[in-house]
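Student: Next up is a structure, given as structure tokens.
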């Protein structure tokens, strides 16, 4: 607390005492500041307690399990120290699935941000039907993953799917979309399909760009592309950074490969085509199919540390490129 | 627009018109691509089993098999699963909206040593992949005997969601100071101030938060798949697993019809409440 805040708090306390000193005369006096402090913790405690019990405790539990051979059923499990980690790093499946997850993030995140931004620019034009267009383009983002999974499965069915229908119409051969190597493109399309989400958020950002800036640039003879690159993009940079970070984290958590798997028997990861066997699928396979809770926990912790490193790098790398023109604190 | 003052045949005006035509064509094609998968799902739900397996593709069903929807409803306990989905979605959305508003009020209007730190952790925890905590959480809940009950959703609801806390915090921070000052002078506690003054002011955020949380839970697949048994489970899980023949092969047309019935309520909620929904989504993007 700064000296300024302290003195203002003291002033406030004094004035309260004089204002309703008579009323409070009977009770022990609690200073205004102390009351506010107590109230702050009273209000934030549901989240603090919830965070400790539902996030920190499970994470710690997973960390402990990652040093054991616990499988949930057998009473005989042992402490193996770094055994799981040693195994994990020497397992080619781990590296392959990690590589695929990385590649998936590297392609899906930039592509969906680009398409979301592109859509936002399009529907930001003064069109008669833009309200309707915004709603329709956003709609897929509201469809629950299971609905999307079934829709894409029927759309890319090898025999009766519309995708192959279009291909054969133009004289191409039908493609086994749900198998290697094409399954990865279907997965990518399910992500791009929800670009409306990024569109809506970018749209809000676009509308915050001061009109005068664009007009000034136009008077100076700047081209549309130049204005977009030098004014719109820098002003949108906080939105783009937020989208990049949340996009990377969402891509790690995607369960689409599971939902797209042919005859998706529940919880089974064995039917997921090789090219969609991402890191999270590897965790699920160890966890559900093999019941190796200890090993799966080690995999989860490695993933967690990797995400911390990746987000750290993103923030570090973009620190000079992101431009904050509105300070949310300044609104008060 | 400058074009209006130009003669009809002016090259500038023609260029504007061509641009407009290109723009509309592009938008129509994109919108078609975006609505395509859902349209195909509806069409599949209206076909016969033979048609959903036929090669080459049957673009349109020969007869619209509307009874598929009734069949999908009757083949499995659709209503039971829908009720389960509804219970956990309502339970979670109600609790998490109230708890997040409560916590959001604390972060917006009060302070104490450590507030900056706590707020930093709150924002940081938004970036924590939930999937990573879900598997150990499942093991803990299993030990506590909470598997196959709706308690996990109650606990998650009570614990507030960082995303929604942030939403409420932004809203409450924007309200004028005078709102609480008079109440404080009158000796009103902060709990009362929150309940009587701030909460009634915040119905747009309340409804946005409720809808967002409802949609999350309705759409969630992994948590109910992990925590609930087959007859307690939700529609999301049931649709993936129950529309199969006794031999285990999927009944595509009924699964598609069931998916339509599963997705449409969410789309309707979105269409009815889209303003608040979109506002809620866009404010959070602008940290």
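Placed from the backbone N, Cα and C atoms, the Cβ positions cover glycine too.
TrEMBL lists A:1-18 with the feature compositional bias 'Polar residues'. Annotation comment: TrEMBL describes A:98-314 as domain 'ABC transmembrane type-1'. As annotated by TrEMBL, region 'Disordered' applies to A:1-28. The transmembrane segment annotation in TrEMBL covers A:39-64, A:101-123, A:135-156, A:186-206, A:301-326.
Tell me about the setting of these features in this model.
Tutor: Within its own chain, the transmembrane segment (A:39-64) has Cβ neighbours under 8 Å at 297, 300-301, 304, counting only residues six or more beyond its boundaries.
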Student: The transmembrane segment (A:101-123): which same-chain residues, six or more beyond its ends, come within Cβ distance under 8 Å?
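Tutor: Long-range Cβ neighbours of the transmembrane segment (A:101-123): 130, 133-134, 137, 184, 187-188, 191-192, 194-203, 205-206, 228, 236, 240, 243-244, 247-248, 251-252, 254, 278-280.
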Student: Which sequence-distant residues neighbour the transmembrane segment (A:301-326)? Criterion: at least 6 residues beyond either end, Cβ under 8 Å.
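Tutor: For the transmembrane segment (A:301-326), the sequence-distant neighbours (Cβ-Cβ under 8 Å, at least 6 residues beyond its ends) are 59, 62-63, 66, 85, 88, 98, 208, 234-235, 237-238, 241, 244-245, 248-249, 252, 279-280, 283.
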Student: Using Cβ atoms and a strict cutoff of less than 8 Å, what residues sit near the transmembrane segment (A:135-156) while being 6 or more residues removed from its termini?
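Tutor: Here the qualifying positions are 119, 123, 162-164, 177-178, 186, 189-190, 193-197, 199-200, 255-256, 259-260, 262, 264.
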